[in-house]
Amino acid sequence: MQWFDALVQGILLGGMYAQYALGMALMFGVMRIVNISHGDLVILLSLIGISMATAWGLAPVSVLIILVPLAVLMGWLLQKLVLNRVVGSDPLPSLIATFGLSIALQNLMLQIWSANSRSLPGHGIESQSIEIAGIYVGVLPLIVLAVATGLTWGLDLVLKHTRFGRALRAASADVEAASMTGINPRAVYALATAVAVGILGFAAVFQSLRSTVAPADGPAQLIYAFEAVIIGGMGAVWGAFLGSMVLGIAQAIGFRIDPGFGVLAGHLVFLFVLATRPQGLFGKATT
Amino acid sequence: MTAVLSTHGLIARYGDFQALYGVDTELHPGEAVALIGANGAGKSTFLRSIMGLLPVAKEMVRLDGEPVGGTATDRMVQKGIAIVPEGRRLFTGMSVEDNLRVAIDQAARIGAKGGWTLARLHKLFPILAEKARSQVQSLSGGQQQMVAIGRALLCQPRVLLCDEISLGLAPKVIREIYAALPEIRAAGTAMIVVEQDVGLAQSASDRLYCMLEGRVTLTGKSGDVTREQIGKAYFGAGHAVV
């Protein structure tokens, strides 16, 4: 029973990681842009959300409604002003640019919000739980998982069946050939990054409801997102979702073995996948 | 008759290496022009310069008399030029239909008008209908070339640039693909066909240009130029013509 409980909690934790990983799956898995500031953007959005909630007494839903469009705008600007200048076949320039942005954001946040940990007041929802077959399941983690599933499903459909999705997949496969077909890759990439960071708007609200956030927390979120995408397989949206589940379950089971072992267990599973199946559990092998 | 597409002293370079030394060409509406020359003569560079894939001065390329040199590639497509690139450059990981749909999407986005539809393309290359759901990388070379041609046509071009569409294909498949060109021309599309096979180039075009080391060395009506003239222009003076 204890292990079944760990499994359920792991899946629920995976729902949180999936929200970080989806944006990463789009940027790193599809566009091949390494965004080191991914985690810092989640933290920045969380802190903005918390400040709005405290200043105006907003409920989490209202914060979400304001934060997601703001995140979309941030993503669009990030691509327009920074990433479009460094995209190309070489991944190094985007890595360096976003690494610099990551450090700048962390220090900016430290300046504005100080190093204190904060969280978003959830008015009781964060502590509610329901009992299913002898296991207590938190209401908030269930919502997180449901939202993550919905976002994955929606993103997958957008990529497969819309003009924007096809243009993005084409630009990712061969950016020059895409422009020869009339696609403006920069416009498509700007929209894709807007979507990716927009999803982080959801992650920010749920992360700050679930636990506390502080300006230096970004890099850890970045690592989880990277691990989930690589475990799942590059370029596969559902792969990133399932990779997040694997990571969540590994951590939850690790925590049951020893409270200090949880995060390490996740890293070990990641390393094991990387060593034995580098294309990811659900990715296609490329030559 | 004014040229639909013309180049004027076109110069292109890759860094310090100059690849084109003042190329003057023109293409009239509905015309098919062949561009022949040995490897490294600058044929692909010429097409890439027109498409805005290499930096060139504005006055060097004119479309309907308007200077367009160095315009971004996607803008050139919007202006009515499409290319079947060397090596096909299909979108791997996507189905045949999705590859073609990308072009249809973009043509619809910019409101490009032209007669090419998926149905008409399927009539031209029936195999594309059969393979619609297959991933492009699973197709044979000839089938992939048909997808590349189809993708370019669905951009609804007034000018189609074909870069070595026979490269690496079996003779039977080459004949099949070249048999489609008259139908494309019948739709009013002007064409520049880059081709290594001189005989094929002559039969598929009205006029031809021969290039050598970044310069045009011969031009004339495809039916009029002799093998001897081509041999001289192709290899340069002093080489024996086989």
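Yeah, the Cβs are placed from backbone N, Cα and C, and that goes for glycine too.
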**Request:** Among A:43-60, A:259-276, indicate the range for which TrEMBL gives the feature transmembrane segment.
**Result:** A:259-276
**Item:** Highest-contact recorded stretch vs the transmembrane segment (A:221-247), from A:6-29, A:64-83, A:95-113, A:133-159, A:259-276, CB pairs under 8 Å
**Value:** A:6-29
**Complete:** For the transmembrane segment (A:188-209), the candidate among A:6-29, A:64-83, A:95-113, A:133-159, A:259-276 having the most Cβ pairs under 8 Å is A:64-83
**Prompt:** Would the transmembrane segment (A:6-29) count as touching the transmembrane segment (A:133-159), i.e. at least 3 C-beta pairs under 8 angstroms with sequence separation of 6+?
**Reply:** yes
**Item:** Cβ-Cβ under 8 Å with the transmembrane segment (A:259-276): same-chain residues at least 6 beyond its ends
**Value:** 224, 227, 230-231, 246-247, 250-253
